[in-house]
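Quick look at what TrEMBL lists:
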| type | residues | note |
| --- | --- | --- |
| COMPBIAS | 33-50 | compositional bias 'Basic residues' |
| COMPBIAS | 102-111 | compositional bias 'Acidic residues' |
| COMPBIAS | 128-140 | compositional bias 'Basic and acidic residues' |
| COMPBIAS | 147-165 | compositional bias 'Acidic residues' |
| COMPBIAS | 526-543 | compositional bias 'Basic and acidic residues' |
| REGION | 1-170 | region 'Disordered' |
| REGION | 524-557 | region 'Disordered' |
| REGION | 597-637 | region 'Disordered' |
| REPEAT | 178-210 | repeat 'WD' |
| REPEAT | 279-315 | repeat 'WD' |
| REPEAT | 340-360 | repeat 'WD' |
| REPEAT | 376-417 | repeat 'WD' |
Amino acid sequence: MAMFQEARQTAIERSGDNPVPEAGDSTPDEPKKLHKKTKKKKSKKKKHRTRESSSDDDSEEDRKKGNESSDDEIGPPLPPAFKPTLEHQKPTGQSGKAEVQNDADEDDEDIGPPLPPGFTKPSLPLEVDSKTDSSEDSKLKTSNMQIEEEDDEDEDGDTAEEEDNPLNKIPTSHEIVFDHGQKTISALALDPSGARLVTGSIDFDVKFWDFAGMDSSLKSFRSLRPCECHQIRNLEYSPTGESLLVVAANAQAKIIDRDGFEQMECVKGDQYLVDQASTKGHTAALNNGCWNPKIKEEFLTCANDSTVRLWDVTSKFKHKNIIKTKSTGGRKTVPTACTYSNDGRWVVAGCTDGSIQIWDHNKYAFVNVAMQNKTAHMNGSDITCLKFSYDGRSLASRGSDDTLKLWDIRNFKQPLASNTSLPNAFSMTDCVFSPDDKLLVTGISLRKNEKEGKIVFLDRDNLQVVKEMHMSESLYYDPDKSHRGAMLCVVKRERKVKQTEIMASQNIITPYALPMFRQGRPTSTKKFEERIRKDPVKSHRPDLPIAGPGTGGRVGAKGATLSQYVAQQIVSRKPDPYEKDPRGAILRHAKDAAENPYWIDPAYKKTQPQTVFRNPDEDKKEEDDDPGPIWKKKKLG
């Protein structure tokens, strides 16, 4: 029991709580003793707690001091001989606070490499001055910010205006020239992808220009005459770009592919039939033609036989449908221009009586017109072009009466706008809308004393001229605005052409001839060129240096021709005193010949030492004494 009580007391001392006496374990005198002991222990614990709190306070003060010292002094302890400068001393009071603020400001302001040692920083103003200056600076900054924002808004507005201005989208900074020929270019067509250009002229030629395949020489890759001796009236690529419609001044339109090979030729109608609906094709010269934008196999042509015919590429032996154009009195009128609407619903034709007639393509029979304006242009003048806008609501018509008019399909009686001062002398003059439908473009014919034609840009709203450009056989582009087209070829250098000689000789093949008469097979040009190269005459080899006295009329001493050598000798020789006295030149050798004979005298030296010469006077006497033959005697009487 004694051991159990001691263990219990130790547990109570450790726990420090009031014990709960258990029944039967202790006597009534024991609680009093335990209570006194617990009071003593509680007092001891309070003293211990106060000591701990005081020690904790001291430790906190020491920590604060240590933190302050650690804030000021970071790193290993300083050496004993080290004296801290003013920068290392702690600031005291208000001045210290100001210095701390100044140091912080300097730390914020100092950006970049350290200043040189001789440089002194300017003194900082007082707090009040700094506050006023900061307020003024803030005002200036806000005002500057407002001005910059206004400038940015102005610039944004200017750039937006420049972007909205359609004239700024016209590429006119650079120019390249295509050489088609000497005659007027009457037709142009551009591939839908912008990779190829086709030109047709009055000289019957059609030339293909491939921008991706050309170099800076700008030469066409193909030239052909699809319609023999008929001038080209119109050229147009199909919507897919696979085929090209060629409309010439004959009665048969042609379809050729991208490379110029013929795919289809329309049939010609019977000229002796009165009813044009009974003929299978046109019977007079064509004026214009175009493709259907929705049906890729269908195209449209108009001719001087007063008909507009629809064709199908798959059936070339007969037209698909026929439209007869009629004037006000029901008589025939010649259509000079035709086109489809962008959705393929309307078929439009412009006639020589000045009328514009529109038919509905959804109806199979084109008997009655859907819309018509009989006085659209002057009577007797050709309508050279009809073009729909991209929105499909407006129709532009160009006439040879020097006018360009804009019509609304929904109200086809009066034009929306017109311009009557655009000279037009050709029946192939076109007009076209800009891609954004804000401008109209057309050409102006040459006036008197003018050398270059013009292209004019007109505002769609009022058809007033906003820009003019002088044109020849040129193509304009802008490196910043243009895509594909001329940008593909102008950056390429001109290719060097390798010249090779070609032998154009006809070989007669005789397989059964005798070997002595049989001709050899033609060899390759390479071996032939090698043989010619070895021949000095055919290869025109220059003369080699002379080794020796000279050959071939060339003298080795002088290294020149014989004539040059003779000329040099004539100039270098001494003058001859006997040049003009040939008798004296011979007699100067008489003394030497008499003293030292060489040819005749040595032969007769022994037999005839003394020379005997015949006297010429004796010869004369003998001639006089000789009477001659009898028949030569002179008759007397």
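Note: Cβ is positioned from N, Cα and C throughout, glycine not excepted.
Unlike curated records, TrEMBL annotations are generated automatically.
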Composition by DSSP (helix, strand, coil) of residues within the repeat 'WD' (178-210) | 0 helix, 17 strand, 16 coil
Residues sitting near the repeat 'WD' (279-315): Cβ under 8 Å, six or more positions beyond its termini, same chain?
-> 233-234, 236-240, 243, 245, 247-253, 255, 263-264, 266-271, 273, 321-326, 332-344, 347, 349, 427
DSSP helix/strand/coil residue counts for the repeat 'WD' (340-360) | 0 helix, 12 strand, 9 coil
Per-residue pLDDT averaged over the repeat 'WD' (279-315), given as an integer | 92
Helix, strand, coil residue numbers for the compositional bias 'Basic and acidic residues' (526-543) per DSSP?
-> 9 helix, 0 strand, 9 coil
Could you count the residues of the repeat 'WD' (376-417) that DSSP puts in helix, in strand and in coil?
-> 0 helix, 20 strand, 22 coil
